[in-house]
Amino acid sequence: MWHWSLLCVFLLVPLANSTAPISFEANPDTKRLYDDLLSNYNRLIRPVVNNTETLTVWLGLKLSQLIEVNLKNQVMTTNLWVKQRWFDYKLRWDPEEYGGVEQLYVPSEHIWVPDIVLYNNWDGNYEVTLMTKATLKYTGEVFWEPPAIYKSSCEMNVEYFPYDEQICFMKFGSWTYNGAQVDLKHLDQIPGSNLVQVGIDLTEFYLSVEWDILEVPATKNEEYYPDTLEPFSDITFKLTMRRKTLFYTVNLIVPCVALTFLTVLVFYLPSDSGEKVTLCISILVSLTVFFLLLAEIIPPTSLAVPLLGKYLLFTMILVSLSVWTTVCVLNIHFRSPSTHNMSPLVRKLFLHFMPKLMMMRRTQYTLPDYDDSTPSNGYTNEIDVRDSISDFPSEFKDSQDGAYDNGMQNSVDSDNVIPRNLTPEVLQALRAVRFIAQHIKDADKDNEIVEDWKFVSMVLDRFFLWLFTLSCVFGTLAIICQSPSLYDTRSPIDRQLSEIPLRKNNFMLPPDIVRQVLT
């Protein structure tokens, strides 16, 4: 029995030792430094020796990503690192007293930090996104670079959309302290100058697929507000951006230009097809769809009409005019002698002058030859009677010789015209034949007039074809070429300064790391 008791003792003793808490001691010098610095530290008091002393805060921005530039809501969304630096005399120490510790990382909630906010904020979130740790140096210098996603209000200029350039401002300053208490300066500011040409750090910037950044200057300002005795200092960052136009050119401009030049084909379509007005209305409906699409993109402002809106309006006016002119051309095309008479001026202008100007050649329309010397009043001349009788049978011809000779003599005395001494059946047949011939002759003359009206409509179609073609070409160039960004040859600064390459689905390592891997 005692064997089992001894075995249990040997098993329980190691188990008890294994469950005992194990303590690890941190860096004692760092812990002691942290306790000494922050034990009696008040983070609510501005860190100056004298209350009248001005605390200088150096401010800078590092742009990580241009998330969105919303024209409709007029807001710019950016991902930034807000770099801040200042001196806190209460956070100084001697490294020799703390084991050579020269740098310490502390939560930013435990020390005094300047209340730097974005003045022109859009969504109400004025502060930084994440309260990261601050870096303390033994000299009392404090570094703090919290990340933030800001939505800043930006007045967009849509006059030259989609070939536009936008200028947005980001105004940072202390919300509580005036310029006599906290003086803001840019990290790269030169003494005696308030302007920094490259005011935003773009070394960690991910290139945007929609915008090119041209300029990023920063300016220090001092401004008086109502009921304040001292000015408040702020730093205003200016972002000048130029839109990359490939997407809008392919998806908006090219289809719109194609619809514009479809208007020209209306006048090339023959009038007899009956589809001219249908084509015009179809183009007009397509332009209306483009207008609805544009209304979803641009902001509802009455200050300026965007470039694309001007072009769509110009195209819609052309299509409306094409509908009007097409109706007029069709009206002329289907005119007839019974409803309209062609005036000599119209005949001379559209049948002789303008065809030469429009380089048109008309096929000559010739009427059949008719004998206009035959009266149409039921009488005939001597030659007609002789020809008629010569065609009759010989019996009838012989029986009529005497009467014919007497009638012939009388006809000479009465304007060479005699009554027809033919049978009623023959006379009726002759009248019917002459009526048919006269009807065909009148129909041919009417057809000639109808063809003249059709040719006038063809001349008008050719004239409007050239007129609308020139209008489309010069109108397109005149409207689109208004944009100043088409003539801006400045190289994007983000491509020059960014150290993050943009490649197609490839991540490129820095050259020094590549060399280390290869060696």
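A Cβ is built for glycine as well, from the same backbone N, Cα and C atoms used for every other residue.
Note that this is a predicted model, so its numbers are computed, not measured.
When N50, N341 are compared with the annotations in Swiss-Prot, the one labelled N-linked glycosylation site turns out to be N50. Taking a C-beta cut-off of under 8 Å and a sequence gap of six or more, C154 (disulfide bond) has these contacts in its own chain: V69, Q74, V75, M76, N120, Q166, C168, F169. Reduced to three states, the DSSP call for C168 (disulfide bond) is strand. Note on C168 (disulfide bond): other Cβ atoms within 10 Å of its Cβ, all shown chains, come to 21.
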